[in-house]
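Written out below as structure tokens is the structure these notes cover.
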Amino acid sequence: MSCRDCTRKGGCVYTTFWLVRFLPVVLVSLATGWGIYAYTYELCILSIDNWPQRIIYLFIFYALLILFYTSYLRTVYTKAWKPPQKYCIEGASKATYESVKDDERQLQLFLSDIARERDLTLLVRGFDHGIRFCDKCCCIKPDRSHHCSMCEQCVLKFDHHCPWVNNCVNFGNYKYFILFLAYGFIFCIWIAATTLPSFIDFWRHEYDMNKKQYDSIDSVIQRNLKHLHTVLSNGRFPLVFLLFLSCMFSLSLSFLFFYHLYLTAKNRTTVESFRAPMIDGKYAKDAFNHGIRANYREIFGSHPLYWFLPVPSSIGDGCKFVMNDMTAMSAAAGNQVFVEMGNVPNGQSHAHPPIAQHHINLYSEQSSSASEKEIKSVDDEITERSQVSTATTASPSHDSVTA
């Protein structure tokens, strides 16, 4: 087997790399499994004697566990959404692409023709103000999509590639990702809050017992070491470690959770927060911001029943997005955007009169006919001038020949 075969899909190097990438998912699952044992047995069975309290603790624990781990699995196993087939260059179009790909101007003309023929909605432009194209996937990039080097494909509404879920966070699983962060944060807070009182009670009890044995001031260090040894040797180490893990994970999850709440409120992705999308030759960081309520509805859906459940309810198809009114008017003022007024899809609400769709087509019917008329008038003028110039030049020559 050659080195090239090893690096291909199914090869030994590729398989090893895939297993390493999946390691964080295994670690999260192992930590969750160990937490189930520690909370159920070490805390609820060994440390809590009150049956009603034990039942309440276990009921809330397992309810949060189901919501947390289901959201996590949906985030992990929901495949990243690819651009639809109509954005891809295939067949005869592929041959044309191969012939013009080295000439940027011809390539943009070719992509513009494809976008017009297939009625593609393209609001976001590249830094060169041209249509964004992925030469690896050989497809026109839909708005807000990007190529993921880890997944080796273009991904719709790409947010980031998260190693802890071994998947791209994108349009297809962004709701699950936020629910995973939310329930993970609440889950860890609940574990820490319910473990801490039992741990403190046990610590104080053992400390008082050791204090009677070591009363002299000179034996303070010895008393504390004995106390720590008692705590660990009496089976309390799982409780200590559970408290430590829950505090650590709740702290780390809180940063991610509240950051993505902010991004959702602004209708931005992580990529867009660092590099604003370019629309009409300008960076528009709030191009898709329609207000907090509408932005959250776009992610979680219109039905409150589905907001807190890891089930699909997001609005849209991941390709077409609605610009806010200010961005649309700014773009229209530059005569580069053609705006079609209508109803906001899927029940989205806005503070201002809604704009349902904004099409940027370099070769729309209106612009094409206007360009053709302008070109025809210029051609007629050039023809007229050339005829006059020819007649003027030819007259003296004719007179001299006659003479």
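Glycine residues also receive a Cβ, built from the backbone N, Cα and C atoms like all the rest.
Remember, it's a predicted structure, so these values are computed and weren't measured experimentally.
Database features, via Swiss-Prot:
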| type | residues | note |
| --- | --- | --- |
| COMPBIAS | 385-403 | compositional bias 'Polar residues' |
| DOMAIN | 132-182 | domain 'DHHC' |
| REGION | 365-403 | region 'Disordered' |
| TRANSMEM | 17-37 | transmembrane segment |
| TRANSMEM | 55-75 | transmembrane segment |
| TRANSMEM | 176-196 | transmembrane segment |
| TRANSMEM | 239-259 | transmembrane segment |
Inset, instruction - Take the transmembrane segment (17-37) and find every residue of the same chain, 6 or more past its ends, with a Cβ under 8 Å from one of its Cβ atoms. - result: 65, 69, 72, 76, 150, 163-166, 191, 238, 242, 245-246
Inset, instruction - For the domain 'DHHC' (132-182), would you mind checking the mean pLDDT of the predicted model? - result: 96
Inset, instruction - Kindly report the helix/strand/coil residue split of the domain 'DHHC' (132-182) according to DSSP, in that order. - result: 9 helix, 16 strand, 26 coil
